[in-house]
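Features reported for this protein in Swiss-Prot:
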| type | residues | note |
| --- | --- | --- |
| REGION | 1-72 | region 'Domain I, interacts with DnaA modulators' |
| REGION | 72-199 | region 'Domain II' |
| REGION | 97-121 | region 'Disordered' |
| COMPBIAS | 105-121 | compositional bias 'Low complexity' |
| REGION | 200-416 | region 'Domain III, AAA+ region' |
| BINDING | 244, 246, 247, 248 | ATP binding site |
| REGION | 417-536 | region 'Domain IV, binds dsDNA' |
């Protein structure tokens, strides 16, 4: 077991960057191997590392284990805080990498260290490679920051915990003002863990595992731009869309990317309900100074589901002040909601105008190809081979959001494992029988016709009539498009339900609306509202 892990670690060290290896792989350790069951247990020191390694590296480690033992090995990940302590005590060194080009790290700007502290800018001793030099420099910078603790602006840790406000230590405050150097963040694994815990980020949600399609490509492009240029591009960034479409994934991805690029950045992800709770507690304990000091000092604020601010005037007032302070300091604000900013009821006009001052992007329900890709990617991450036929069948019948797709896949995998059967379309139909019945019953062409007619203030009878004025023909085409997108009806069946129209008429309407949706923001918004209404 230990021989395998030394072999595996050596290979991964060569494949990954120094930062990735030291942060994610080096803290791991094998703790058990069951030859009879062909299972290998690998321990991680905390939940963050466990979740990240499981999602990002389990496949590669399983492949290496299979090659090493010439048999399929199930790799299991377990939590063991003592692993980090053993790792810190010093493991046997692995085979060295090939020499790296000399680094040219930027100077540390945390302020001069007092006498006796290590000099972060001192030249590396002769013979020290770039990765080691970067690590030494990072440790020196941390020592300098700790020495300057008396001068750092931070919250009292006890007061912060009372309000769910992680304390900002002097080390973090100084690190937030440093220019990042590749590899430096990995010098202190515990510090990296602390950053994740304080930020409340989920390290599993990254750009790498975010499936992109037409429905979300603009949102992803904007998110990457913001991650690369926080506080400069699109401030605030406002993402809106229905439940389970990837809004939360994207904003965590921005935070994770910034934390990798600037490990000392002061980042906070918070759900709007928790922010409301913090405001209430601050009011009850007369701790608004602490509250403001914390939120106004962030480099990146990620606030999810801001529609929960509706009707809460004091919360909105405090958020307005925080927003103004952050934007003035070139800090980035990212917000999500289930609807377009101007359609959120009970929100102060001042806030709505601030939301509109940046970039507002909709995330739509995933199209068919994207749904197939999501299922294939998720199955792969679970170590399961899913045929395209099965993925296509599921994607064709479940259209609303990513969570629904992932939930369906979990049902299929569990059903397959329980019955000991291969995953086929027949098994999938059995596993999803109840879900498919509900889906087929939920949305009918008749319901679509009525909803669209009400939305555009025309009569339902106009959907079947031969009238062709624009105020009737356009909604009728939209209803045909939605019927094709949201039901299992064929083109001829849809045409029959629209007054006996030919299937080519329906096809023309579907193509016309689909094409215009990508070009016309107003039409896209109207379709989004109709889809959400029909899906309840």
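Each Cβ is built from the backbone N, Cα and C atoms, and glycine gets one as well.
Since the structure is predicted, the reported quantities are computational estimates derived from the model, not experimental observations.
Location within the structure of each feature annotated in Swiss-Prot.
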residue: 244; record: ATP binding site; Cβ contacts under 8 Å, 6 or more apart: 400, 401, 402, 403, 404
residue: 246; record: ATP binding site; Cβ contacts under 8 Å, 6 or more apart: 210, 216, 219, 363, 402
residue: 247; record: ATP binding site; Cβ contacts under 8 Å, 6 or more apart: 219, 239, 240, 241, 304, 336, 363
residue: 248; record: ATP binding site; Cβ contacts under 8 Å, 6 or more apart: 205, 304, 336
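When pLDDT is averaged over the region 'Domain IV, binds dsDNA' (417-536), the result is 87.
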